[in-house]
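Structure first, commentary second.
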Amino acid sequence: MLRISHLVEGDRIIGREEELNNLAQALKDAVHGQTPNHVLIYGKTGTGKSLCSKYITEDLRMSASENDVMVGAAYIDCLQHGTETQAIRAIARSLNDESETGISIPSTGLSTGEYYRRLWNVLDARYDVGIVILDEIDKIDNDNILLQLSRAVEAGKLEDSTLGIIGISNKIRYKDELNERVKSSLGEQDFVFPPYDANQLRAILKSRMDAFQDGVVEEAVIPRVAALAAKEHGDARKAIDILRYAGEIADEEGAETVTDEHVTKAHTREEKNRLAELISKQPPHSKLLLQALAFQIQRAETEEPAIPTSDIYSTYEVLCQQDGTDPLRIRRVRELLSELSFLSIIEQTRKGRGQGKGAHTIHELVDEPELVLEACKSV
Ligand SMILES: Nc1ncnc2c1ncn2[C@@H]1O[C@H](COP(=O)(O)OP(=O)(O)OP(=O)(O)O)[C@@H](O)[C@H]1O
């Protein structure tokens, strides 16, 4: 129950009624075998984007089957299947059943075009509607796949079936990066999932308490974990991870109960792991920028240093030189910094320079610079 991949049942999804309704509304045509809207979902980590997408497609699949409409769903993590061929192959494999279709989807040896052809055949053979969930869609290296999938029906690739896409991203500006054709066909409906508040996090944690035996978790633990997870942004993943680590640490120590002290240790363990995971997903230049900011903060003599973009940039240039890579332009650097801020790895504040002198942005790290540098090194 405390594994992140565990799919909770509908009645345990907390605080997402509106989002689930919106998704259901956008996809409802699939229940009658018609083409659903393509949907993009944005939101910070741990706001339930993957959970709600999987839940709603499963719900749709079951409602559709009552109408004798066959809905097939494929969930693809684009971080693991980041090229066009890998992603198409993964979708085709997940929807196929060779014993039923006679179509094989080998792991190598086919051209990208052939993988597409087999995917269309699988869809036509097995389903009325295919729903493809592309998680971390911004990690796909080539827009072509989005164009092909979103226009498969229009382009006459599918004869007896149709296709809908749910794209999920942490990058709020993801759509700006797409070319106009993809943008217009993919982004029919956009939804932003807000962070959870401490009450919702508490309810989410309570609904997972079956993971522990009765009386093992001390009373103060759940509110404390919820408060820790709500502090940066209301991240259910973080909350569940801290609770799991607290249980593991209590177990390692042979303790009878999970206490506040275990939560403190669990929080440190979670921060280290989360940072390393989050940073590992960032482009190389974002890592250099983070290191630059961490070095600047370490070097600063004030208690709570706030570093302007220009200072980060000058250290970043030195790091690029050491790394043998060309620095990006300042404009792109600003974009990467604001992405890091959206992900709650850094904090940005606009500050006035004094009357008539305009404003500039200053930066802080959410975590300790040593932790950030260690995480950058470990990935
Ligand atoms: N409303 C909720 N009720 C119960 N559990 C939830 C809820 N929202 C999220 N969770 C749980 O929190 C964890 C993270 O959720 P999920 O993977 O859906 O987040 P996400 O927004 O897709 O995050 P990321 O962008 O990091 O992939 C999962 O274990 C999920 O089951």
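Including glycine, each Cβ sits where the backbone N, Cα and C put it.
Going by TrEMBL, these are the annotated features:
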DOMAIN    35-197  domain 'AAA+ ATPase'
BINDING   Thr47, Gly48, Lys49, Ser50, Leu51, Tyr196, Arg208  ATP binding site
DOMAIN    290-376  domain 'Cdc6 C-terminal'
From the binding-site residues listed here (Thr47, Gly48, Ser50, Tyr196, Arg208), select those whose CB sits under 6 A from an atom of ligand 1.
Thr47, Gly48, Ser50
Using DSSP and three states only, what is Gly48 (ATP binding site)?
coil
Residue distribution over DSSP helix, strand and coil in the domain 'Cdc6 C-terminal' (290-376)
46 helix, 16 strand, 25 coil
Taking Ser50, Tyr196 as the binding-site residues to compare, which has the smallest set of other Cβ atoms within 10 Å?
Ser50
Within 10 A of the CB of Lys49 (ATP binding site), the number of other CB atoms across every chain shown is 25
If I take every residue in the domain 'AAA+ ATPase' (35-197) and average their pLDDT values, what number comes out?
92
Suppose we draw a 10 Å sphere around the Cβ of Gly48 (ATP binding site). How many other Cβ atoms does it contain, all chains included?
25
At a 10 A cut-off on CB-CB distances, which of the binding-site residues Thr47, Arg208 has the highest count?
Thr47
